[in-house]
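Presented below is the structure to which this report refers.
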Amino acid sequence: MSESAVPASNASGNASEKMASLVREAENLKGKLEEERQKLNDVNLANIAERLEQIAYVNIKPRKVLKGHQAKVLCTDWSPDKRHIISSSQDGRLIIWDAFTTNKEHAVTMPTTWIMACAYAPSGNFVACGGLDNKVTVYPITSDEEMAAKKRTVGTHTSYMSCCIYPNSDQQILTGSGDSTCALWDVESGQLLQSFHGHSGDVMAIDLAPNETGNTFVSGSCDRMAFIWDMRSGHVVQSFEGHQSDVNSVKFHPCGDAIATGSDDSSCRLYDMRADREVAVFAKESIIFGVNSVDFSVSGRLLFAGYNDYTVNLWDTLKSERVCLLYGHENKVSCVQVSPDGTALSTGSWDYTIRVWA
Amino acid sequence: MAANLQQQRSINSQLRREVGIERMPVSEACSLMMKYMLEHEEEDCLLSGFTQKVNPFREKSSCSIL
């Protein structure tokens, strides 16, 4: 053994000891966390809601079918005007629809396929989108020619971009990526304002807290976790586990104090942030297909979930019971979203169509 | 190794923060959530239907008075 090797091996010995002690500490902390959460776990949501009447009947009908994409619809977003919908597809196109008339108002072809995310700016004058190109690109909504000419790349991840959202204004975009991070970008300069490290798998979905000053968001990941983040510090504030497979979708309850998740394990779950734990599970033995997308009605009483078995399930959030199913799509339902005023539900599918239910 | 240590340190500090947060009994948190839902039931068209306003996505009736 050469002399120089001795300190090196000592150093690495110290490092592994340190590592081992950190891992032990982490295990202890996890145990402590579970213990603390369990202390206040006196009932679940369905128990609290037991005395409530069941939802007898929901009058939601298929109203519009938006046809025009030539491949799977991957993402949709309602315009703040409650009338237009933007959709992005595997075919590399973005389409802006008038959901009242079903007319296509704009169509833009991007130099990529699999546009996995699209989002309206709060003003309704811009859209952000991206996917397999790893980038988030912003288009102004003007004429088709001008849209293509005036596009701007705002940020780039090291893997696909799976989701994007405008947190406060047209000036910032929050993205989630297959590189397992989220990132906050300045639209004007393209500067990375904050990056969010913590997930150990692809980030599949993000959502903003509705009732705060726009500083809290939630992310769902293939590491089966949902994280609540503080946008200013870049830290995870709370973490929720329970799913047995990828978390494909996350959505804040309108009250702002809970989140719903949808997973490949064919369940949806509700986590309360004040109680810091899971309070409801939405699953049935007969449901064996994964959930791609979830959203709430404006009161939060209905939870809509889009599944790989081509259906949309409506769950009673309070009683954890299924209210009904929406049939119509002929392939996987990839995205569901309630319109901003709560009058309609849009659903996008691998059957190339978007449907509007109301 | 250094990178792993750094990563583990940040995981531990996250867990420490999480252990320290204040919690509410589940019964209380759920009651508050239920209250919110019941208070907003009427403005929820997908749940309660269109009592106040007209459904903008419904086809106009084909009959009309001229």
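Glycine too: its Cβ is placed from the backbone N, Cα and C atoms.
Feature annotation from TrEMBL assigns coiled coil to A:16-46. Confidence in the coiled coil (A:16-46), given as mean pLDDT, stands at 94.
Counting same-chain residues at least six beyond the ends of the repeat 'WD' (A:66-107), those with a Cβ under 8 angstroms from any Cβ of the stretch are 113-120, 122-124, 127, 129, 131, 139, 141, 143-144, 147, 163, 331, 334-335, 337-341, 343-344, 346, 348-350, 352-356. Taken from TrEMBL, the feature repeat 'WD' covers A:66-107 (among others).
As annotated by TrEMBL, repeat 'WD' applies to A:154-195 (among others). Same-chain residues lying 6+ beyond the ends of the repeat 'WD' (A:154-195) with a Cβ under 8 Å from its Cβ atoms: 75, 114, 116-123, 125-126, 128-138, 201-208, 214, 217, 219, 221, 223, 229, 231-232, 234.
The repeat 'WD' annotation in TrEMBL covers A:196-239 (among others). Secondary structure by DSSP for the repeat 'WD' (A:196-239): 0 helix, 22 strand, 22 coil.
Helix, strand and coil counts from DSSP across the repeat 'WD' (A:240-281) read 0 helix, 23 strand, 19 coil. Residues annotated as repeat 'WD' in TrEMBL: A:240-281 (among others).
What TrEMBL lists as repeat 'WD' is A:291-316 (among others).
Taken from TrEMBL, the feature repeat 'WD' covers A:326-358 (among others).
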Do any residues of this chain, six or more beyond the ends of the coiled coil (A:16-46), have a C-beta under 8 angstroms from a C-beta of it, and if so which?
-> 270, 272, 275-277, 279-280, 317-320
